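These features come from TrEMBL:
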type	residues	note
TRANSMEM	12-32	transmembrane segment
TRANSMEM	38-61	transmembrane segment
TRANSMEM	81-100	transmembrane segment
TRANSMEM	120-137	transmembrane segment
TRANSMEM	144-166	transmembrane segment
TRANSMEM	190-207	transmembrane segment
TRANSMEM	219-242	transmembrane segment
TRANSMEM	272-289	transmembrane segment
TRANSMEM	301-319	transmembrane segment
TRANSMEM	331-354	transmembrane segment
Amino acid sequence: MSKLKIKSKEMTSLVINAISVKLLFSFPRALVVRSGSAAWIQMIYMTLIALFIFYITVKAYEKAGMQDVVTLAERVGKKPLKIVVGLVVTVILLLNMSINMRFFPEIVNEVLLPDTPMEFIILLFAVSVAFGAYMGIDSISRIHALFLPIAGVVLFIFILLLVPMFHVNNLFPFFGKGTYNIFVKGLDELRIFADILMLNILLPFCGDKKSAQKSGFMAIGISGFVGALIAFVFVMIFPYPASEEFVTPLYMLARLVRIGRFFQRLEAVFEFVWSIAMLLYSSLYLFALCQVWKETFGLKYYKPVIVPMITLVVMLSLLPETIVDLYNRNILVSAVLYPMAFALPIIIGILYRFKVRRRDQVEKG
């Protein structure tokens, strides 16, 4: 167990940003494509499902103490299972990070720096992320705890300024594309909460089990509320099906904000907050990747792994030729890897419970 301990507030901030950062990209659009004008209802529904899944995970992990899923796998099936689980978690994190590492520079290239080669943007971003991961989880968590309240205030102000543009008629039909799309097909978008796996990876850095559980429930609840609020505002301003056309909904909303004649183009504030959130998210992800690799293969330090890992992430992020290829790859990752992010801690936790129960029976018998 790590000697360094992260406070409950900082851990909650880490997980909130890990989950919520996808709302800054195309995720609200994915909700609208799936559910139409009921995108916000789908987000509330998915939040309740995610809370239930996390509750099951907490119950499955009752006997596991403060061990992350890789360390616990070794207790269950010794080193072979530890390596298998560690590699699976590494692949989940690696592919997810590589997708976001490409999405962000693509949008920056399109919106802010159209004349700058995208490869240069990715390289510059990768160097910044590597530096963030090198500074360690203590620095990353402290900056998260400072930054997230500021980001929340900026978002709240933006939404207040957008209220005069609301059109209540956009909410109808109330169930959008139908209840089947919301409550059955809509579960595909549960991927937004898959980053709750980050809490499991960082479990050895938590002060105690109760604070870790509290951080998990709060992070899911707050992220779900923010997601539902963004989806609601998006639907209220842009009518369906026109709302399907925007790749980055939150940026389009930010462009509408005006304060009189003299305060316009306030999306620059959003772009700053957006960039910092993505940098913190990616630094956390790279640290988690290196930490999992260190635990899997019993290394003493994680820092020597930073450069090889960020190089691999950049190489993977450059594989898709177009944004369409990247989107298709994201769908594949959503269908295969994200369910494993939810299932793996539950499965390993249950197996460990069985092992503990069997050991207790042998000792009594």
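Numbers here mean position along the shown chain, with the first residue as 1.
Glycine is treated like the rest: Cβ placed from N, Cα and C.
The recorded stretches the transmembrane segment (144-166) and the transmembrane segment (219-242) share 3+ CB pairs below 8 A when only pairs 6 or more apart in sequence are counted, and are therefore in contact.
For the transmembrane segment (81-100), the list of distant contacts is 21-22, 25, 69-71, 73-74, 194-195, 197, 201, 278, 281-282, 285-286, 288-289, 292-293, 295-297, 309, 312-314, 316-317, 326, 329-330, 333, 337-338, 340-341, 344, 348: same-chain residues at least six beyond its ends, Cβ to Cβ under 8 Å. A contact between the transmembrane segment (272-289) and the transmembrane segment (12-32) is present, since 3 or more of their C-beta pairs, 6 or more residues apart, lie under 8 Å.
The stretch in closest packing with the transmembrane segment (219-242), judged by the count of Cβ pairs under 8 Å and taken from 12-32, 38-61, 190-207, 301-319, is 38-61.
Within the chain, the transmembrane segment (190-207) has long-range Cβ neighbours (under 8 A, six or more residues past its boundaries) at 1-2, 4-8, 11, 14-15, 18-19, 22-23, 27, 46-47, 49-50, 53-54, 57, 66-71, 89, 92, 96, 137, 215-216, 219-220, 223-224, 227, 284-285, 288, 291-292, 334, 338, 341-342, 344-345.
Counting residues 6+ beyond its ends, the transmembrane segment (38-61) has Cβ neighbours under 8 Å at 28, 31-32, 173-177, 182-183, 186-187, 189-190, 192-193, 196, 200, 213, 216-217, 220-221, 223-225, 227-229, 231-232, 234-235, 342, 345-346, 349-350, 353 in the same chain.
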